[in-house]
Amino acid sequence: MGSLIAVRDGSDGGENFADEIIVYVNGVRRVLPDGLAHMTLLQYLREIGLTGTKLGCGEGGCGACTVMVSYYDQHLGKTMHYAINACLAPLYSVEGMHIITVEGIGSCRHSLHPVQESLAKAHGSQCGFCTPGFVMSMYALLRSSRSPPSEDQIEESLAGNLCRCTGYRPIIDAFRSFAKTDNALYTNTSSKGNSNGSFICPSSGKPCSCGEQVSNHSVNSIVKTSCIGENKPVSYSENDGTMYSDKELIFPPELFRRKIKPLDLSGFGGLRWYRTLRLQHLLYLKSKYPDSKLVVGNSEVGIEMNLKNLKYEVLISVAHVPELSALHITNDGLEIGSAVRLTELQNFLKMLIAERDPHETSSCKALIEQLKWFAGKQIKNVASVGGNICTASPISDLNPLWMAARAKFQIISCKGTVRTMPAEKFFLGYRKVDMSPDEILLSIFLPWNRPFEYVKEFKQAHRRDDDIALVNAGMRVYLEEKGGKWAVCDASIVYGGVAPVSLPAVKTKDFLIGKHWDRKLLHDCLTVLKEDISLSEDAPGGMVEYRKSLTLSFFFKFFLWVTHQMEQKGTLTSILAASDLSAIENYYKPSFRGGQNYEIMKIGTAVGLPAVHLSSKLQVTGEAEYADDTPMPPNGLHAALILSKKAHARILSIDDLQARSSPGFAGIFLSKDVPGKNEIGPVVQDEELFASEIVTCVGQAIGVVVADTHENAKIASRKVQIVYEELPAILSTRDAINSNSFLPNTKRCLMKGDVESCLLSGLCDSVIEGEVHVGGQEHFYLEPNSSLIWTVDGGNEVHMISSTQAPEKSQKYVARVLDLPLSKVVCKTKRIGGGFGGKETRSAFIAAAAAVPSFLLNRPVKITLDRDIDMMITGQRHSFLAKYKVGFTNDGKLLALDLEIYNNAGNSLDLSLPVLERAMFHSDNVYDIPHIRIRGRVCFTNFPSNTAFRGFGGPQGMIIAENWIQRIAMELKRSPEEIREANFQSEGYVLHYGQQLQGCTLSKVWDELKVSCDFYKVREDVNQFNSHNRWKKRGIAMVPTKFGISFTSKFMNQAGALVQVYTDGTVLVTHGGVEMGQGLHTKVAQIAASAFNIPLNSVFISETSTDKVPNASPTAASASSDMYGAAVVDACEQIKARMEPIASKHKHRSFAELAAACYMERIDLSAHGFYITPDIGFDWKSAKGIPFSYFTYGAAFAEVEIDTLTGDFHTRMADVVLDLGHSLNPAIDVGQIEGAFIQGLGWVALEELKWGDADHKWIRPGSLYTCGPGSYKIPSLNDIPLRFNVALLKGVPNPKAIHSSKAVGEPPFFLASSVFFAIKDAIISARSDAGHDGWFPLDNPATPERIRMACADEFTKLFASKDYRPKLSV
């Protein structure tokens, strides 16, 4: 990994550099060679085989790479423990420290750490890819906390970790067992001393049975929630922190004694890494290398180098320079060293607030509040104050506050000259500050506040936790009493996110000074402010009207807040209305509470039990292997794709000369090099593996480069020069419709009754028309696409390990492009780190691209996509545009629906037609519509091909329906719930495609939900709240769903399984489904165990492989448990039938004894099982048939609260009831419901894709702007409902599926639309207060921008009309 000889800078003033570069990893001493300055800690850990630490994003935004760092602080005389993102930490930055990874705290072979065990038992790991990061974030918190942490501290420590599977509830439940709380809540003793003697559950806070140890799960037993016992520390010391196990790694004694020394090291491409310990040495290095970058946490520079491909020749670590790391309290204020870490500053400010007079620390309080939402804990643990300042980001959260709070920056030159500059004069332009190359920022001086001086922070982002600001602000006002009135003596209003720099509102400040603090000042100041802060229509970032409105909203909030502070002191007569106070109430998040209510219907030894995921222990210890964890074989190469930079263009030339001379280069392969066919596709071959003449989207593969390392492959691919001739591009669904740009043979129509006659007959009292725009969604599986491909027998065979939901599709693609028979291509998948449909077809072309160089060079090739590339090229959930016409009576009865729907396919068909078809099947949702016509088209656009995503078009069809249902309710001035309930379908109803409903439980589900959520009482409470609050509003909604189960293509509804019984009584099951976190393998193993009447731990499922079970359908459509479970039962029954004659002859003491006896009698103990879904089939020529085997019914209730001035919202409560028949595993099913709901919440309220189109001209045409966690925001732990209850309907067996169960993966997803319609309900109240009572459109996702602009009021009307519709890429 590099030379052992370090190159020294001989003219450095005689610094005594370290002779050995030492780091401890999991207690093992390691000496690092020179030459690795370019390497991150994550790359190093994975190279030495510690693959439990995952690469999820590479930008510190997902937490999958979290590890704990420990170092001895000489000044404090104690060891510090904290979590960091290994993907951003330079390897040499942890020299002299102890790194603990997930492998270092516990293992399956020895024992699990309590953190790991709690998470496994609580069902807190599904796909498992994010799990090690959560484990290590929690572990670091526990090691660093002298006493048990509070629930708030636990949730704060997890804010930098993302999970796409679980919905976070089981993770919180697992880690809450470590919280500082009333012990009685976690024991069976004193908690039973309440009035009725029942146990109080710490999860729900209500009496329940979870505290009772159930030793025998019998049929019909009821379980409400599941709690984890309390975990207590076993020891604490200043050296090792808090330990919860006597097997934990201690801090290495050598590192106590070892004196830290400067470093002078090198890296790839001439990079130099210095660690300096003295200010004098730092200034010397800065004079020698004026363009060098100073780093502490590397949270900005790391992203610039890794993602933006910026090159820096010299990096200087300043974390150990005493002058830069000091915190000094003076009579006048606080002096903060520029290298002070944000967490350290946060803790120090909290101490100051507790100790000093309240009026002095107004600025401190504002900084603490801003730091709370600044970033994840891992970033704040390493990022420095000075780094954030000197980056000079226009959306820095802290810089507006430094400027507003009268902070001063001390700057020192290389000659030692120190100058002081006011913060408000420091920022000159975009990422440009008033410092010359030979200067550095030494410290920040924050003055104490004066009596009646108030400082306040503001920030609005897409997501509350760990997100960059859309607009932020720091505001200060200093008031003095003059003539019995309070006047403004001094003020400062500074905004971020509205200009290339943090921008002071100078005219506003000048206007304020001398004015009396009253309502007139507020009114007049808003007028001045509107002109003072301006944004051009094409401003980068877009959302111009929204951002402008925020500048006024923030000042309005500031005025109210200051006034309220003064009124509380009794120094100002009351000028605030009671309803105004809601504008200044800080968001307070109470402890999360969740409940799960289900019935256990046990069959045999395992079916029906809430067993934990079979791989959970492997996942919590980091021992579970994913595709990219597979060790590279000798002579292996890494691949990187050559991608188009144009949306639509002709390729004129490709110059690979520079790429061929790139370090480590091993080959470049284009369309002409493909051995077989270059045309690929899952349904029709309308794509090219490598574009030959024309590119049709940004991100289309033109070729592939292979090199000796992943980084070298990427570098070489970027050096390929391509000359294009640009062609006209279609960049929206509307453009496609206007240009008649539809994919061939994709026109579809479903009809029932006579729509036109009904609409014209006069039977309809009202007819409404409108459009619905439905946004897309990124899958954001935590594991990026990865495949390892190698040849066997000199290329006669090709084998691969691939992160795919459809190994058979990868097999077919690879065989096609290599011109090999399918029998010579094998694809294996152990598990994948999430898929959600995104790895059903789009993973196949990635594997095929890597197969070409592997086959031609006869060498192993691994391809693992970086997060931004994965998001850019693999497609998303389809956006939809719908045009509806609905006729109905004054009673709210639906009579006719005429609907046109269009989906955005992108540049190829992929699965867009079946996605459209399912959307058409589900466009009635659950409603009885006598006359219906649905017409659909698939649009061709110049974007990467969109693909399957959980729900597969169903959610889009249903949300379109719920939009016009909600509009009918507004037209009739009735609640949407009344309209819904009045039009429910029922048993025997014939759907618009000819299928008759059987076993319809819709009304049961709805009625149970109405009772469980106490709908009418909550409605009354919400109305009461809204009547007393002008600027905060609450809303509620109840939404039903009916989701069809089966692939809509009949031939895909087949499944195979191979069951093998061994003579020791253990069973190996192989089936065609892929484990991706949904618990498929666990359910199938339970089915096999019950079939043989053996313990669950006697059944093992290793992997999915095309050479074991051929021709398998993708693991999709929620049907895998049904189909593969039935196939396994078929195989088991065959084996049991063969065993029966032997079993009837003798009484065997065990299944193992029986298996051995059968073997001795030469009985075949292996069987292939097969299953086809019966009684289904649909004919599109007649547009009639039975596409679905059965339906899963459900309903959800949600209550939300919105801030009408900013668009911020939170979900106060969500209740879900779902009919899953007799659940195969209720704990896994509840986890699927929660995970689907939170993913759905992202789709309806948070996650917005922004493409370069006519509405987003600030983005390069055809390019995806939201291509990483920095710009694309999935729900975090802080976004889940504060109360989240899930119940499974009881006593409703399903005769259509295995063991009377029902499918669960996709049906709950749409239920999150209850949050969307609750938001709309809240907005209706806000608009009513402003005098707007009519219908208004609200597109999903209902982001803060859409919420705020829909709450049309006196602030928004200055920039947009009341019917303004924010732009959405559709």
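A Cβ is built for glycine as well, from the same backbone N, Cα and C atoms used for every other residue.
Some features that TrEMBL has for this protein:
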- Glu1306: active site, proton acceptor (ACT_SITE)
- Cys57, Cys62, Cys65, Cys87: [2Fe-2S] cluster 1 binding site (BINDING)
- Cys127, Cys130, Cys163, Cys165: [2Fe-2S] cluster 2 binding site (BINDING)
- 294-301, Phe374, 384-388, Asp397, Leu441, Lys459: FAD binding site (BINDING)
- Gln805, Phe836, Arg950, Ala1117: Mo-molybdopterin binding site (BINDING)
- Glu840, Arg918, Phe952, Thr1048: substrate binding site (BINDING)
- 19-105: domain '2Fe-2S ferredoxin-type' (DOMAIN)
- 266-451: domain 'FAD-binding PCMH-type' (DOMAIN)
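Features recorded in TrEMBL, as mapped to the structure shown.
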residue : record                          : Cβ neighbours (10 Å)
Cys62   : [2Fe-2S] cluster 1 binding site : 30
Cys65   : [2Fe-2S] cluster 1 binding site : 28
Cys165  : [2Fe-2S] cluster 2 binding site : 28
Leu294  : FAD binding site                : 26
Glu300  : FAD binding site                : 20
Leu441  : FAD binding site                : 24
Phe836  : Mo-molybdopterin binding site   : 30
Glu840  : substrate binding site          : 26
Phe952  : substrate binding site          : 28
Ala1117 : Mo-molybdopterin binding site   : 27
C-alpha spacing of Cys130 ([2Fe-2S] cluster 2 binding site) relative to Gln805 (Mo-molybdopterin binding site), in angstrom:
18
Cys87 ([2Fe-2S] cluster 1 binding site) and Cys127 ([2Fe-2S] cluster 2 binding site), Cα-Cα, nearest whole angstrom:
21
Secondary structure composition of the domain '2Fe-2S ferredoxin-type' (19-105) [DSSP: H/G/I, E/B, coil]:
14 helix, 31 strand, 42 coil
Tell me the Cα distance separating Arg918 (substrate binding site) from Cys163 ([2Fe-2S] cluster 2 binding site), rounded to the nearest angstrom.
28
Cα distance, Cys87 ([2Fe-2S] cluster 1 binding site) to Ser384 (FAD binding site), nearest Å?
17
C-alpha spacing of Arg950 (Mo-molybdopterin binding site) relative to Cys130 ([2Fe-2S] cluster 2 binding site), in angstrom:
19
Could you round the CA separation between Gly387 (FAD binding site) and Glu840 (substrate binding site) to a whole angstrom and send it over?
42
Ala1117 (Mo-molybdopterin binding site) as reference: those recorded positions from Cys165, Phe952, Glu1306 with C-alpha within 10 Å of it:
Phe952, Glu1306
Protein Cβ atoms within 10 Å of Cys163 ([2Fe-2S] cluster 2 binding site), excluding its own:
31
Write out the long-range same-chain contacts of Cys57 ([2Fe-2S] cluster 1 binding site), meaning residues 6 or more apart in sequence whose Cβ is under 8 Å from its Cβ.
Ala64, Cys87, Arg867, Gly1268, Pro1269
For Cys165 ([2Fe-2S] cluster 2 binding site) and Cys65 ([2Fe-2S] cluster 1 binding site), determine the Cα separation and express it in whole Å.
17
Out of these binding-site residues, Ser384, Thr1048, which one has the fewest other C-beta atoms within 10 Å of its own C-beta?
Thr1048
Which whole-number value in Å describes the distance between the Cα atoms of Thr1048 (substrate binding site) and Cys62 ([2Fe-2S] cluster 1 binding site)?
35
Return only the integer: C-alpha distance in Å from Cys62 ([2Fe-2S] cluster 1 binding site) to Phe836 (Mo-molybdopterin binding site).
18
What are the other residues, in sequence order, whose C-beta lies within 8 angstroms of the center of the C-beta atoms of Glu840, Arg918, Phe952, Thr1048 at the substrate site?
Leu911, Pro914, Val915, Glu917, Ala948, Gly953, Gly954, Phe1047, Ala1116, Ala1117
Which one of the binding-site residues (Gly297, Gly387) has its C-beta surrounded by the most other C-beta atoms within 10 angstroms?
Gly297
Within 8 Å of the centroid of the Cβ atoms of Cys57, Cys62, Cys65, Cys87, which other residues of that chain place their own Cβ, given that this set defines the recorded [2Fe-2S] cluster 1 site?
Leu42, Lys54, Leu55, Gly56, Gly58, Glu59, Gly60, Gly61, Gly63, Ala64, Asn85, Gly133, Arg867, Pro1269
Looking only at Cβ atoms, how many others are within 10 Å of the one on Arg918 (substrate binding site)?
26
May I ask which of the binding-site residues Cys65, Leu441, Phe836 is closest to Phe952 (substrate binding site) if we compare their C-alpha atoms?
Phe836
Given the recorded positions Leu441, Arg950, Glu1306, which one's Cα is the least distant from that of Cys65 ([2Fe-2S] cluster 1 binding site)?
Arg950
